[in-house]
Amino acid sequence: MAVGKEKADKITTLQTTAIVVSFMLAAGLLTLPRVMVEDSRTPDVWITIILAGGVVFLSGWIIIKLSQQFPGSTIYQYVQRIIGRTVGKVIGVLLVIYFVCIAGFEIRSVEEVTAFFLLEGTPAWAISAPFMWISLYLCMGGISTIGRICQIIFPITASIFLLICLLGLNVFELNNLRPILSEGVMPVFKALKTTTLTFTGTECMLIILCRMEKPGKATKAIGWAIGIAVVFYIAALILCIGAFSVEGVMTRTWPFLDLARSFEVEYLVFERFESLLLSIWIMQIFCTFTIAFYCASLGVSQILNGSYAKILFILLPFIYILSQIPKNLNELFSFGTIIGNGALILFTLLPLPLLLISRWRGMRS
């Protein structure tokens, strides 16, 4: 990007919150109840979500303190100053690979869900191609354009989510959540790793904090984002367990979509809500894909000192090819687990040492 365009490419605190929460809430919400219940075998996993939210906030706070050391620079730029050019570029490449994998996972998730629930028999490329090209066009406008889109889309998805949660109370059975902590606290902690992986999203602050109009309010932005994500995940989990029981949730691939299919409202335009939910939620996944695509493309352009616009076009086919590697849903979910483990290593073990080294050396931009 040109220097003048970079100066104009700024986002507000509210847009930052919308970007982070959009990066967190994607395909993971549709599968989280099943994944958590499989690990814990108890209805008390809503406690795990609260604990995971605290862990992620701590990680996000460290990321923010690191990025605030170098205002105006992304991690791709300042990591080379902290630990050297060669090692810094290697870490930058690892971050690019991570964001490319996130983008590929989201694209493939859209293909699978859309082909199964909405457009049966439609070729995968016909679903993903418009999705990817529109995202490329959006990324050409920079992070400010992405921030405005997230700010528009998130309230819509939140409204539909709230409506489905309220209607889901019709099939909700409180007894499926009782008794609380009947098996002790160990099952709650057993699912902590899986839940924390689902909360990945604050890592985008390593790239976008330098574009904030008020970087000092970054902690407030991620605090709101994590709080919103915690509410969404707890609501989805409690309603799914209340409707289907622990055993029932474990047998469903997309529990929250099945919840939307489990009730009907007569005399409305939409008597069945899963299609409405999916149509809206695809926009949320679109935001996640776009953010990951932007972070990866910006990283390549800054590591190689190349044209950001050209990198967007070059990277797009690689993302699509990567998205087609999983042969079925099981391999796709395994791919998601690998991405989550990579995020745990990169963003739990990396930011704190970088922060300590930069403080020790007294480095500031």
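Placement of Cβ uses the backbone N, Cα and C atoms for every residue, glycine included.
Panel annotation: around the transmembrane segment (12-33), residues 105-106, 109-110, 113, 143-144, 146-148, 150-151, 153-154, 157, 195, 198-202, 204-205, 208-209, 212-214, 217-218, 220-222, 224-226, 228-229, 232-233, 236-237, 240-241, 249, 253-257, 281, 284-285, 287-289, 291-292, 333, 336 of the same chain, lying at least six beyond its termini, place a Cβ under 8 Å from a Cβ of the stretch. Look at TrEMBL and you will find 12-33 (among others) tagged as transmembrane segment.
If you look up TrEMBL, you'll see 45-66 (among others) marked as transmembrane segment.
Residues annotated as transmembrane segment in TrEMBL: 87-105 (among others).
Residues annotated as transmembrane segment in TrEMBL: 125-145 (among others). Counting only same-chain residues 6+ beyond the ends of the transmembrane segment (125-145), those with a CB under 8 A from a CB of the stretch are 1, 5, 8-11, 15, 19, 107, 110-111, 114-115, 119, 208, 211, 286, 289-290, 293-294, 297, 309, 312-313, 316, 319-320, 323.
What TrEMBL records for 152-172 (among others) is transmembrane segment.
The annotation transmembrane segment is assigned in TrEMBL to 192-210 (among others).
Residues annotated as transmembrane segment in TrEMBL: 222-246 (among others). Beyond the ends of the transmembrane segment (222-246), by six or more residues, the same chain brings 16-17, 20-21, 24-25, 29, 32-33, 36-37, 41-43, 45-46, 49-50, 53, 56-57, 60-61, 64, 158, 161, 165, 168-169, 171-174, 176-177, 195, 198-199, 201-202, 205, 252, 255-256, 258-259, 262 to within a C-beta distance below 8 angstroms of the stretch.
Among residues of the same chain six or more beyond the transmembrane segment (276-296), those with a C-beta under 8 A of the stretch's C-beta atoms are 19, 22-23, 25-27, 29-30, 95-96, 99-100, 102-103, 106-107, 109-110, 113-114, 117-118, 131-132, 134-136, 138-139, 143, 146, 149-150, 153-154, 156-157, 160-161, 164, 204, 207-208, 256-257, 260, 270, 312, 315-316, 319. Residues or ranges marked as transmembrane segment by TrEMBL: 276-296 (among others).
Feature annotation from TrEMBL assigns transmembrane segment to 308-326 (among others). Counting same-chain residues at least six beyond the ends of the transmembrane segment (308-326), those with a Cβ under 8 angstroms from any Cβ of the stretch are 1, 100-101, 103-105, 107-108, 111, 124-125, 128, 132, 136, 139-140, 293, 296-298, 300-301, 332, 334-335.
According to TrEMBL, the feature transmembrane segment maps to 332-357 (among others). Among residues of the same chain six or more beyond the transmembrane segment (332-357), those with a C-beta under 8 A of the stretch's C-beta atoms are 27-28, 31, 59, 62-63, 65-66, 69, 79, 82-83, 91, 94-95, 98, 101-102, 105, 108-109, 112, 193-194, 196-198, 200, 202-203, 206, 325-326.
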Residues outside the transmembrane segment (87-105) whose C-beta sits under 8 Å from one of its C-beta atoms, at least 6 past its ends, are 27, 75-76, 79-81, 206, 288-289, 292-293, 295-296, 299-300, 302-303, 315, 318-320, 322-323, 325, 332, 335-336, 338-339, 342-343, 346, 350
